[in-house]
Amino acid sequence: MRIVPIILMVAVLMVVLASGPVMARAQAIETSAREALLLDVGTGTVLLDKNATVPMPPSSMSKLMTTYMVFEQLKAGRLSLDNVFSVSENAWREGGAASGGSTMFLEPNSNVRLEDLLRGIIVQSGNDACIVVAENLAGSEEAFAEAMNRRAAEIGLTDSTFENSTGLPHPDHLMTARDLATLANRIITDFPEYYPYYSEKEFTYNGITQHNRNPLLYKNVGADGLKTGHTSIAGYGLTASAERNGRRLILVLNGLDSTRARTEEAERLISWGFRTFETVTMFKPGDTVTEAEVWMGETETVPLVLPEGLTVTIPRNARRAMTVTARYEGPVPAPVTQGDRVATLVIEAPGMEDMAFPLHAGTNVDRMGLFNRMFTALKYLVLGLALPDALNGGGDQADGQGARVDGPPPLRSPA
């Protein structure tokens with residue numbers, strides 16, 4: 001196995017060029033939330049994870065899926081913001097003023113523009129608006145929930161089950177913090193034309209003004225969405241996103257015991273994420289990271305590249321101590337085809353788990369001619385040299401220990 005140290009300067013960052021998971025997690029900060037996830041969207045790096053894959057009652061945060069379903073229909077041209085939906089007696093009784101829950105205060109048997117309903121869901125958390133949307137799009141709330149489940153599975157919400165459009169308590173209406181972060185990221189990236197609704201601080205309908213319950217919108221943290229939630233079973237929760245200097249974080253919290261605790265914890269964790277971590281571009285697409293030796297090739301080495309480049313999120317205090325290593329079984333037998341997985345790039349830094357990324361051949365390397373191959377083989381025989389490990393079944397060519405290197409993390413935002 002060959003381990004190639006590489007010295008690299010990124011600003012004042014000295015990086016030398018080992019194996020571990022692709023997704024890095026920094027050392028966790030303590031949180032009073034029962035479930036929590038803090039994600040750097042640009043690199044897919046999880047900065048904080050507490051019970052993030054445990055199913056939980058999401059309360060009104062699951063209304064993000066209700067709006068996602070509407071946004072898809074709007075983007076496809078099957079709906080218009082000017083479409084008018086009718087308010088049924090059921091929507092008024094189960095989600096309106098008569099219900100005692102969060103409501104848009106829709107009148108039964110009235111007609112409402114879809115854009116007003118969206119604002120009623122997003123800003124006012126109106127249960128009545130959710131039910132109106134569900135009934136008008138699918139015929140019933142039950143049918144709409146079935147459609148939500150089908151679409152959720154298709155977009156990667158692997159641990160979510162929906163029983164209604166509102167998030168009102170039901171033993172089988174569950175999501176995970178990870179799924180909520182995935183859904184928030186999909187809304188932000190898939191529907192940039194509709195995402196600004198989530199940053200609106202108030203909405204007035206039928207003479208009644210209600211304010212957005214997202215506490216981060218009123219703090220100086222760069223927040224621009226998304227949705228709060230609360231029931232007695234779930235506690236107080238929030239799925240939020242904030243952006244500073246082109247860097248976006250998504251935060252999911254649940255199980256807090258008061259609105260004050262939710263506000264303070266959300267502000268503290270978002271601020272911690274921006275303050276404690278930074279994003280560093282280490283290699284641009286196609287940059288040669290290092291070279292690997294080639295056995296019996298027309299050239300002695302092959303350049304190793306990261307086709308998509310490499311940008312990582314790391315603790316700010318880890319920059320000077322970061323090390324990077326290219327690891328491979330070598331020399332690599334010729335022929336080598338451009339794009340072949342040849343080695344593994346591993347990043348290590350204090351305060352974070354190791355990260356591993358596949359390195360690929362940057363060019364083709366043909367086998368040397370017959371005469372040269374014979375001469376090389378004869379030299380090894382005469383001098384009694386040992387054949388390279390890679391030619392003796394020494395393991396996975398790209399990883400001396402045969403470890404599997406996974407692909408990009410599931411929460412990585414589209415390029």
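From the backbone N, Cα and C atoms, a Cβ is placed for every residue, glycine too.
Look at TrEMBL and you will find 1-24 tagged as signal peptide. As annotated by TrEMBL, active site, acyl-ester intermediate applies to Ser60. The annotation active site, proton acceptor is assigned in TrEMBL to Lys63. Annotation comment: TrEMBL describes Ser125 as active site. Positions annotated as substrate binding site by TrEMBL: Lys227. For 277-367, the entry in TrEMBL reads domain 'Peptidase S11 D-Ala-D-Ala carboxypeptidase A C-terminal'. Annotation source TrEMBL lists region 'Disordered' at 395-415.
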Just give the helix, strand and coil counts over the domain 'Peptidase S11 D-Ala-D-Ala carboxypeptidase A C-terminal' (277-367), going by DSSP. 3 helix, 54 strand, 34 coil
Roughly how many Å lie between the Cα atoms of the residue listed as 'substrate binding site' and the residue listed as 'active site, acyl-ester intermediate', rounded to a whole value? 7
Could you give the Cα-Cα distance between the residue listed as 'active site, proton acceptor' and the residue listed as 'active site', in whole Å? 8
Measure from the CA atom of the residue listed as 'active site' to the CA atom of Ser60 (active site, acyl-ester intermediate) and give the result in Å, rounded to a whole number. 7
Let's check the environment of the residue listed as 'active site, acyl-ester intermediate': how many other CB atoms sit within 10 Å of its CB? 26
